[in-house]
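TrEMBL has this to say about the protein:
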| type | residues | note |
| --- | --- | --- |
| BINDING | N189, L318, S322 | Na(+) binding site |
| COMPBIAS | 547-558 | compositional bias 'Polar residues' |
| REGION | 528-564 | region 'Disordered' |
| TRANSMEM | 69-89 | transmembrane segment |
| TRANSMEM | 98-120 | transmembrane segment |
| TRANSMEM | 150-171 | transmembrane segment |
| TRANSMEM | 183-204 | transmembrane segment |
| TRANSMEM | 306-332 | transmembrane segment |
| TRANSMEM | 344-363 | transmembrane segment |
| TRANSMEM | 375-396 | transmembrane segment |
| TRANSMEM | 416-442 | transmembrane segment |
| TRANSMEM | 462-487 | transmembrane segment |
Amino acid sequence: VCFFVGLYYNVIIGWRIFYFFKSFHPLKLSCLCLVVVVETECERSSATTYFWYRETLDISNSISESGGLNWKMTLCLLVAWSLVGLAMIKGIQSSGKVMYFSSLFPYVVLVCFLLGLLGVSCEATKTPNYYFCLPSKLDKMLDPQVWREAATQVFFALGLGFGGVIAFSSYNKQDNNCHFDATLVSFINFFTSVLATLVVFAVLGFKANIMNEKCVVENAEKILGYLNTNVLSHDLIPPHVNFSHLTAKDYNEMYRVIMTVKEGHFKELGLDACLLEDELNKSVQGTGLAFIAFTEAMTHFPASPFWSVMFFLMLINLGLGSMIGTMSGITTPIIDTFKVRKEVFTVGSCIFAFVVGLIFVQRSGNYFVTMFDDYSATLPLTVVVILENIAVAWIYGTKKFMQELTEMLGFRPYQFYYYTWKYVSPICMAVLMTASIIQLGVSPPGYSAWIREEAAEKFLFYPTWAMAILISLIILASLPLPLVFILRQFHLVSDGSNALSGTYKKGRMMKDISNLEDNDETRFILSKVPSETPSPMPTHRSYLGPGSNSPMEMSSAPNGRYGSGYLLASTPE
């Protein structure tokens, strides 16, 4: 999963790098400035949309039309993989120092964007955020696709199911307060998402207001033309309406009057309603949000090149941080297991990924990015997280896990975790996965294609060969789970459990011997017998689950529930 995500996600970083360098030159994004001869495609869409689809991607009409490599995006992809490779070679310690800047810089940019938008046009940002706070589309909550995308967002934002979190945690001390870390990261992620959502709605509202004003001006010119040619009577225009300073409210009032009077011939006039809600509903999603909507809004900002540089620098920083975690999920297990040289393996992985990633920088590459983003990670990640949950809560044992967390943290985790790990989380994710599979079976997978002749997006279904690739992605991403299980079940490969437990026991025994030596020295100095010396272990009883016994009661059994090996390792006294 990390490999598939790394392949296409670095392409998105390449797009950001392209826009970042373009931001240093003031982008006069108008159709006349983009091309010498006015393109119909540009006129029928918008300047920012044209710049994204034609100047940046030079996109083909469908996934079946390759169109060859886009050399600009190929160079940007090379730069992106070079940056990732250098960061990985420097190591997690140096990367961690960079993360302080990478983590704090986006908050500065987001807050500046929000304040800047409020300063430019308070009304433009107030309306969409008002709709954001209202439950206007509750029927969407019944759509499994919404919940699947929400789960994917949580997986990506928190790193769940990826190897990156496990790889990073291997650098922590054994007594690291992982409870505090998990709680802090979850809350920061939630509040960051809310802040980012407010900024996104503000930007979309700003863009929607601009497009709505443009719509009012164009339709007002049509009405003036009809008035001059006596198609419409001047009596239809309210007396307070001033065409030189026409507001959206005045236009809507005039529009309703004309529609009522000219009901039979209204469609022939070709007038648009120019409603802000309609413009908000037409807002782009996915990659187009950053490269079309935000760019459109920034062109109307004062000092727009500065805002553009800051915005895409923020996205590059965030992307590189995600890529470092993703690549760590690939390189760390292999380097630790096979003891290969880190620099050589990292460079080799980046070169290999760059070569394979060339599929994403051809003219139809954006459609492959969409395919990988929708199907190579979402379902396999859900399966991985469910099985991780089951492995810890049911196979390894929640009670045993609770006990070891208590020894690590020095306090017992809340009882709430016991039930969520064992029942709530696996059930919710299983329902989500089942609904997603059913939806995929009922609704054939497809993608949004940009049709050059129509200058608009059109939903197309994947051809047969693309469906084969799509299914192969899901199978390949999930294949290691049953494959390694079968190999270990029949002892075809070693799972390394003996060596791991031996090392763990040896470490615990050496620590216990050291503690005993310190205790003996203390007893000798204080002239106390062993029975009078207080136990170094905590006296509180850790929570092991409902109806469970204490560790000493468990040890009175012949071998305990988990065998003598577990008791030897977990009860030093």
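Glycine is treated like the rest: Cβ placed from N, Cα and C.
Bear in mind that TrEMBL entries carry predicted annotations, made automatically and left uncurated.
The most crowded of the binding-site residues listed here (N189, S322) is S322, judged by how many other CB atoms sit within 10 Å of its own CB. Between the transmembrane segment (416-442) and the stretches 98-120, 344-363, 375-396, the greatest number of Cβ pairs separated by less than 8 Å involves 375-396.
Taking Cβ-Cβ distances under 8 Å and a sequence gap of 6 or more within the same chain, the neighbours of L318 (Na(+) binding site) are S102, P106. Within the chain, the transmembrane segment (150-171) has long-range Cβ neighbours (under 8 A, six or more residues past its boundaries) at 1-2, 5, 92, 178, 185-186, 189, 193, 322, 324-326, 328-330, 332-333, 336, 377-378, 381-382, 384-385, 388, 429, 432. Cβ atoms under 8 Å from those of the transmembrane segment (344-363) belong to residues 3, 6-8, 10-11, 14, 57-60, 65-70, 73-74, 77-78, 81-82, 84-85, 88-89, 327, 330-331, 334-335, 369, 372 of the same chain, restricted to positions at least 6 beyond its ends. Within the same chain, residues 87, 192, 195-196, 198-199, 202-203, 206, 297, 300-302, 307, 310-311, 313-314, 317-318, 320-321 sit at least 6 positions outside the transmembrane segment (98-120) and bring their C-beta atoms closer than 8 Å to a C-beta of that stretch.
For the transmembrane segment (306-332), the list of distant contacts is 2-3, 5-6, 9-10, 12-13, 16-17, 19-20, 23-24, 27, 83-84, 87-88, 92, 95, 99, 101-103, 105-106, 109-110, 112-113, 116, 156, 159, 162-168, 170, 290, 294-295, 298, 342, 345-346, 349: same-chain residues at least six beyond its ends, Cβ to Cβ under 8 Å.
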